[in-house]
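Engineer: Under the heading repeat 'ANK', TrEMBL lists 75-107, 108-140, 141-173, 174-206, 207-239, 240-272.
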Amino acid sequence: KLSAIGTAAHMSISWQQKNTAGLAAPRLRNGDRSGFEKREKRRNIRQLQAAISQGDLELVKSILSSDFDVDFQYNGQTSLQLAVCQGLPDICSLLIAKGANVNQTNADGNSLLNMACWRGFTEVVDLLVNNGADVNSWNESGNTPLNACAFKGFANIAEVLLSAKCDINLHNEKGHTPLFCVSRAGNTAMVQQLIKAGADLDWGDLTQKTPLMVAAEEGHLQVVKALLAGGACVNRQSQQGRTAAYEAASCGHEDVLRELISYKADAISQNHTGAAQILIQSAGCNVNLADRTHRAPIHAAIRQ
């Protein structure tokens, strides 16, 4: 009997061992450790980004006390991207201290610094720059952080970038430099800021239009004065043979035209009678100089 009992017990134990092994084996075979780790990362990042969205600094600190990759993306963005876009410098600082990459980009090629510049978040920009962000990073349109400041008119942020020795003359895919952008926008203060920092006054875009030409075209008298005082070439021509004087006259900006003529501008084909009269009355103006379509100022005056 004892032998029978012992044999039965042994068989029972053996059966349990076999079945336990049989159950454990599939878990080991099918259990994807990397998948588990990804799920854990996703859970951590989801909690972290929820805390960032709420601006809850203390909760962010608590979550970051765990060990995980803070650059892991959730819903297509990293935690630092979210914090930057919401303008949260304290949280950005925590993430950077945890090892977040300050030079990461989004799907459009915008760097974190570019995003912060577009939104006007000076403290975040300063933080990123001081932690090694690339001040000359391009997005898919070729716009740099300084271009973003020029488009938006953020002189204080531009100063941060200029102090960090960004390349002031980098241009986008249209050939527009920061100076070109602020000249077109009529931002005299930023024009003076960029001139002082050494911007190329005569850089031409893809059509060889210069900051002076675009300022004249838009009728920005004070910008025109600043560019001329800075040494911009008054008679530079675009691919179409047009000068700043042509642009001013063709748009009817007589005050700008007078200013250009005072710097001995040559007039090329004008589109307004009043402008043509100014040209004829002004000393030092060549009223017979034609553009590349062989039109002189008198032709435009007749058309009026």
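Don't overthink the numbers, they just go from 1 along the chain as shown.
Each Cβ is built from the backbone N, Cα and C atoms, and glycine gets one as well.
Note that the coordinates shown come from a computational prediction; the quantities given were computed from them, not determined experimentally.
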Engineer: Short question: which residues 6 or more past the ends of the repeat 'ANK' (207-239) have a Cβ under 8 Å from it?
Structural biologist: 175, 177, 179-180, 182-184, 186-188, 191-192, 195, 201, 245, 247-248, 250-251, 253, 255-257, 259-260, 263-266, 268
Engineer: So if I exclude everything within five residues of the ends of the repeat 'ANK' (108-140), which remaining residues of that chain have a CB under 8 angstroms from its CBs? That is, six or more out.
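Structural biologist: Residues packing against the repeat 'ANK' (108-140) from afar: 80-81, 84-85, 87-89, 92-93, 96, 102, 146, 148-149, 151-152, 154, 156-157, 160-161, 164-167, 170, 172.
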Engineer: Is it possible to list how many residues within the repeat 'ANK' (207-239) are helical, extended or coil according to DSSP?
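Structural biologist: Once the DSSP states are binned, the repeat 'ANK' (207-239) shows 18 helix, 0 strand, 15 coil.
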